[in-house]
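Peer 1: What follows is a structure written as C-alpha cells; I'll ask about it next.
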Amino acid sequence: MQILLANPRGFCAGVDRAISIVERALELFGTPIYVRHEVVHNRYVVNGLRERGAIFIEQIEDVPDGAILIFSAHGVSQAVRNEAKNRDLTVFDATCPLVTKVHMEVARASKKGVEAILIGHAGHPEVEGTMGQYSNADGGMYLVESPDDVWQLQVKDEKNLCFMTQTTLSVDDTYAVIDALRERFPRIIGPRKDDICYATTNRQEAVRHLSDKADVVFVVGSKNSSNSNRLAELAQRAGKAAYLIDSADDIQESWLTGASYVGVTAGASAPDILVQQVIQRLKELGGKVAVEMQGREENIVFEVPKELRVEVKQID
C-alpha cells in the first residue's frame, strides 16, 4: 500500500500568523490571554493553546476589564470591534490579511451605498465578521450559498450591486454561484482579485491531483474547518472514499480494505505533526514510505503585529 502526500497541505500563512500571535502574547504578557472564538478551526491547536493559558470565549462580555483579547483568524464584525474598544481592552487582531481584504471590499461598498452580496456559508464566523462590515441602512448586505439562493434573492437596485466571497469556499461551487449572479444581475461588479485565498485554491488543486491516483483519501482537519470539509468533498466528488479525520486515532482499518494507494492531505488549519502521526499509523497498517506529490510552492509569510515582535527579555 503506497502512501501519497498532497502538496501543498496544512498550515497557510494566515493560520501560522494567528497561532503565532497567541503564542507571542502568552510569552510576553503571561496568562490569561483571551481569544474570541477558536483562533483557528483545529481541535489539536486550540487544546494546545488552552493548556498554555489561552481562554477561548464567544462573547466580549466574558472578558474582564483591562484584559488582553485576540480576535481569531476568521475576523470579527465592526460591532464586536467597537465593543472591545469601548471596554478599553488591549486587542491584538489575528484576522487573516486575506479576510481583511474582503472586509475592506464590504466597507467600501457600504460607504458608497452599493448593495453587497456575499457568497458564503451561513453561521461561519468569517461570514458573520464579513457581513458585519456593512452598516449603510440605505443599501443592503445579502448572503447566498447556492445558485438557487441567487435566483430567489430580492435586492433594492439591480444596477447598483457588487459581490464578494468567503475565502475558504469550494472553487468550483463558487464559480457556479458567480455565474448565476452575473446571469441574474448583468451589471453586478465583482472583486478585482479572487476572494478565495491562495491556500484554499492550492489545496483544492492538490487534492484533485491526489484523487487521480489514490483509492482512498484522508483529510486531516477538524469538523468545523470549512476548507478541510471542502477538501474531503472534492475527493468524494472524484469518486474516491474520503474521510475527514482529526487525528490518526480516527482511522479505521476497514477503510483501507483493497486500497493500493492511500492519499493524505491536511486543511489549512491542521499542523504537520498530525499528518506525521497519520503517516505513522498508515505504515503500521501496511503502508510503504510516503511519497510527496508535486505541487505549487508556497512562500507567503504574514508578519505578526509589531507590538509582538519584541524580545521577551525586554519585558520587565
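Cβ coordinates are placed from backbone N, Cα and C, and glycine is handled just like the others.
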Peer 1: Which of these, Ser170, Ser269, does Swiss-Prot say binds dimethylallyl diphosphate at the same site as His41, His74, His124, Ser225, Ser226, Asn227?
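Peer 2: So the dimethylallyl diphosphate site in Swiss-Prot includes His41, His74, His124, Ser225, Ser226, Asn227 plus, from the candidates Ser170, Ser269, Ser269.
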Peer 1: Which ones, of the recorded positions Cys12, Glu126, Cys197, have a Cα no more than 10 Å from the Cα of Thr167 ((2E)-4-hydroxy-3-methylbut-2-enyl diphosphate binding site)?
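Peer 2: Near Thr167 ((2E)-4-hydroxy-3-methylbut-2-enyl diphosphate binding site), where near means Cα within 10 Å, the recorded positions are Glu126, Cys197.
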Peer 1: Within 8 Å of the centroid of the Cβ atoms of Cys12, Cys96, Cys197, which other residues of that chain place their own Cβ, given that this set defines the recorded [4Fe-4S] cluster site?
Peer 2: Ala13, Gly14, Val15, Ala73, Pro97, Leu98, Val99, Thr167, Thr168, Tyr198, Ala199, Thr200, Ala268
Peer 1: Cβ-Cβ under 8 Å from His74 ((2E)-4-hydroxy-3-methylbut-2-enyl diphosphate binding site), same chain, 6 or more residues apart: which ones?
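Peer 2: When sequence neighbours closer than 6 are ignored, His74 ((2E)-4-hydroxy-3-methylbut-2-enyl diphosphate binding site) has His37, Thr95, Cys96, Val99, His124, Pro125, Glu126, Gly129 within Cβ distance under 8 Å.
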Peer 1: What's the CA to CA span in angstrom from His41 ((2E)-4-hydroxy-3-methylbut-2-enyl diphosphate binding site) over to Cys12 ([4Fe-4S] cluster binding site)?
Peer 2: 13
Peer 1: So which other residues, same chain and not among His41, His74, His124, Thr167, Ser225, Ser226, Asn227, Ser269, have a Cβ within 8 Å of the centroid of the Cβ atoms at the (2E)-4-hydroxy-3-methylbut-2-enyl diphosphate site?
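Peer 2: Close Cβ neighbours, site residues excluded: Val40, Glu126, Thr168, Asn224, Ser228, Gly267, Ala268.
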Peer 1: What is the interatomic distance between the Cα atoms of Cys197 ([4Fe-4S] cluster binding site) and Asn227 ((2E)-4-hydroxy-3-methylbut-2-enyl diphosphate binding site), given in whole Å?
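Peer 2: About 10 Å separates the two Cα atoms.
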